[in-house]
Structure formats: C-alpha cells, structure tokens
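Worksheet: the structure to be examined is printed underneath.
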Amino acid sequence: CLPPRCHPQKGSGMGGGEACRFFQSYAVEVDVKDASNATCLYAKWMMRFLIKYETNNSDYKNAALNLSSSVTHNGSVCGNDTQAALLTVQFGEGHSWSINFTKNNETYQGDFITFTYNTNDTAVFPDAKRKGPITIVVKDTMHPVQLNNVFVCHNTDSFEAENVTQIFWNVTVQAFVENGTIGKKESRCRADTPTSAPTVPPTIANVTTASTTTLSPAPTTVPKPVENPDTGNYSLKSGNKTCLLATVGLQLNVSQDKPLLINVNPKTTSADGACGNTTATLKLNDGNSTLISFTFVVKNASASIQKFYLKEVNVTLLNRLNGSVISNADNNNFSKWDAFLGSSYMCRKEQTLEINENLQLHTFNLWIQPFLVKANKFSTAEECFADSDLNFLIPIAVGMALGFLIILVFISYIIGRRKSRTGYQSV
C-alpha cells in the first residue's frame, strides 16, 4: 500500500507531511490508499484513554491521555483475502494505537486492538515509577459487518484492561473497501439501533441549593432523592462457571460544579471484570456514562483461615455526547465488606463509601460474593452490624448509660448538699 493520507475534520487545520492536525474535535480521519491510489481502508473516529499508573512513591494515580495536535498513521495496511487489514496511528510522545481487521467471504470485523503508551511522556506521567513504552492488547468486540457496508457507532464504547480504559465515540469505519468506493449502506452498533434498548440518562434527583456567591457543599449536605436506586443483579463467569455474584443498588453523590445525586440504572448497566484466587474485580457500565469498578482481595492468603474484603473502588463519569470525562475518582485504601472466604457479605441498610472529597458511593440491599461461588448461588451470608439483631441494643445501651449518669449526678448533688450543711453547724 502507498502511505495513507490523513484528513482533518471540518474546523481543524492541516499539518505538513503525514500529520493530521485538529483542535477541539479531537477527531482523526484516515484514508488508506492502495497501489492504484484507490481507497482500501477508511476510518474516522474519536477516542481518549484513562490510565492508572504507579508513581515513584508506590501509590497510584489516574491520567487522561488525549490525541495530541498531530497524528501520524505510518504502517497502515490495506489487507486482502490472506492478510489482515491494519489501521494504526501514532501521537504524542511515543504513544500509538492500532486495530487489525479480518474478513471471510461475506463479512469483516475488528480483531485485536493494540495500544502503547509511553510513561516517559512527563506531561502525562510526571512521576511514573516504570519508565518506557507499555503495550496492552484487547480483543475487539465489534460484530461482523457485511462487506461493502460502513460500520457506524455514534454512542460511546469502552474497553478496560490492565489499568487502561479506552473510550471511543463517533466511529465510522470500512475495511476492505472494494473498487475504491466507500459503501452507502450502514451497519450500526447495537447502541445506535432503534430496536435496541434506549440509552437513558442517569436518574438525577432534583437538588435545590440556596443562592450564594460561593457554592462548594460537602457531599453530605445534599438532600436524598425521594426514591432509593433500584437493586441490580450482576454476575461474572470463568468459563461456564459463575465466579462472582453481586446484588446491590447504587447511588452516586457528586459535588463538582454543583451537587448531583445519580442513581445507577440496573436495566442499562452491564457487568464485566475478572475472577482470581486472591483478587477479583467487578466493573459496572451504566449506559457508557457511569463506570464503577470494585476490587476485592483476600487478606492473609497463606493463613489457614482467610477473609476477603473490598480494597478499591474507582468511579468515572463520562459525558454521553462526546465521551469526555466529567469526573474520575479512585480510593484503594478501603477495608470494608469483609467476610470469611467461602461466605458472602450482606448489608441491606444503606452504606456510604467515600471515594474522595467530591464523590461518595451509597449502596443499598448489598449482597456480594467475589470468591468461591458454588452452584450459581450465594453462600451463607455474614451480615453487617447495621442488619444484625443486636443492632436494637444500641439505643438501649445509650439510654441505660444516660440513666446511670443522671443517677450519678443526683447522688453527687445530695452528697454535696449534706457536706454544705455540716459546714454551717454551731460550735
């Protein structure tokens, strides 16, 4: 193939040589030509990356990597009946992204996505412990597309693997273009098709705040919505066996720009993640606008009696229209929801997880088992103290303590009066 040409979208500038320049759109358009100068691979899309990396202090930070002002696309390949097509772009300080396409007699589809980010880019990773390029490969979930059709997906899609979330939107692509002519028929992604379940925005409760010159309320000052979130049922499988079970209602309390309460909708939320012997991760995606990740670990893994607990929660809120990040928060210092390995953890009452000063996550009707699930059912549950039968003793104990304190004060008062009278007796 001849070197592909890159075209900016409307409103962006054109750089010299092979570079493609753009501004606020953050979009790239690639038109790959074959030896006869006919289009063989065409793509136009928008994307960004959220990367969690380890710092020199051995803690973790989250970085957002956007396409830079110039993008090159050296190495893209047209492909044929025996060779995969390849779309590849390079940007920033040593970052690159590519996807290869395969085909059969009737359809083509994306195969693997390869993303390389360079932690030597100090503008994005100013204090990264590990230096140099890091590459991850994920399997593309694109469904087969009829040959000569254009694949279109305006809705946001994302992949998460190895501490990297790749976010895509406004995608138009056709591989194995025949006779240099882009197809007129479109194959839409499920999120774009009218027959699919409608993408509903998150439920946001009406919040009224007093008019003032400075508004920076703490999350706890926001009034609760009238209704609690619906409870969702989620599960993960390893092969044909269920390896994680979760039942929970989730509500986000966001205090950024203005306070918001967001109920996660189970009907539009999908579950993903990974199971392991000592670590398990549950990732929930509500309509590609709310991404919540829970990480569970086993403590004292070498001990004879082991327990699991919630170690980390990551929350990302995305703009549904353009995929930009509204808010991202992470807390990896939790030690909650602990139970013996082989058991489940249950807490029907509301609990609050403080991710950071601007974001809280409220849970309702929680029942979780991240390890050793048997027969697709929850094991015996260890209940939180708020749910236990002993919880009623708290007000009784407080009342008894107050009563004892009153009696003590009364006795002290009587003794004090007697001593006072004794001091005034005549000699």
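Cβ coordinates come from backbone N, Cα and C, glycine included.
The structure displayed is predicted, hence computed values, not measured ones.
The feature disulfide bond is assigned by TrEMBL to Cys153-Cys189 (among others). Note: Cys153 (disulfide bond) has non-local neighbours Phe168, Trp169, Asn170, Val171, Arg188, Cys189, Ala191, Asp192, i.e. same-chain residues 6+ apart with C-beta under 8 A of its own C-beta.
The annotation disulfide bond is assigned in TrEMBL to Cys347-Cys384 (among others). Counting only same-chain residues six or more apart in sequence, the Cβ atoms lying under 8 angstroms from the Cβ of Cys384 (disulfide bond) belong to Tyr345, Met346, Cys347, Lys349, Gln351.
Using DSSP to sort the residues of the domain 'Lysosome-associated membrane glycoprotein 2-like luminal' (32-176) gives these counts of helix, strand and coil: 0 helix, 88 strand, 57 coil. Taken from TrEMBL, the feature domain 'Lysosome-associated membrane glycoprotein 2-like luminal' applies to 32-176 (among others).
Helix first, then strand, then coil: DSSP counts for the domain 'Lysosome-associated membrane glycoprotein 2-like luminal' (229-374) stand at 3 helix, 101 strand, 42 coil. Taken from TrEMBL, the feature domain 'Lysosome-associated membrane glycoprotein 2-like luminal' applies to 229-374 (among others).
The domain 'Lysosome-associated membrane glycoprotein 2-like transmembrane' annotation in TrEMBL covers 394-425.
The feature transmembrane segment is assigned by TrEMBL to 392-415.
Counting other C-beta atoms within 10 Å of each candidate's C-beta, the disulfide-bonded residues Cys189, Cys347 are led by Cys347.
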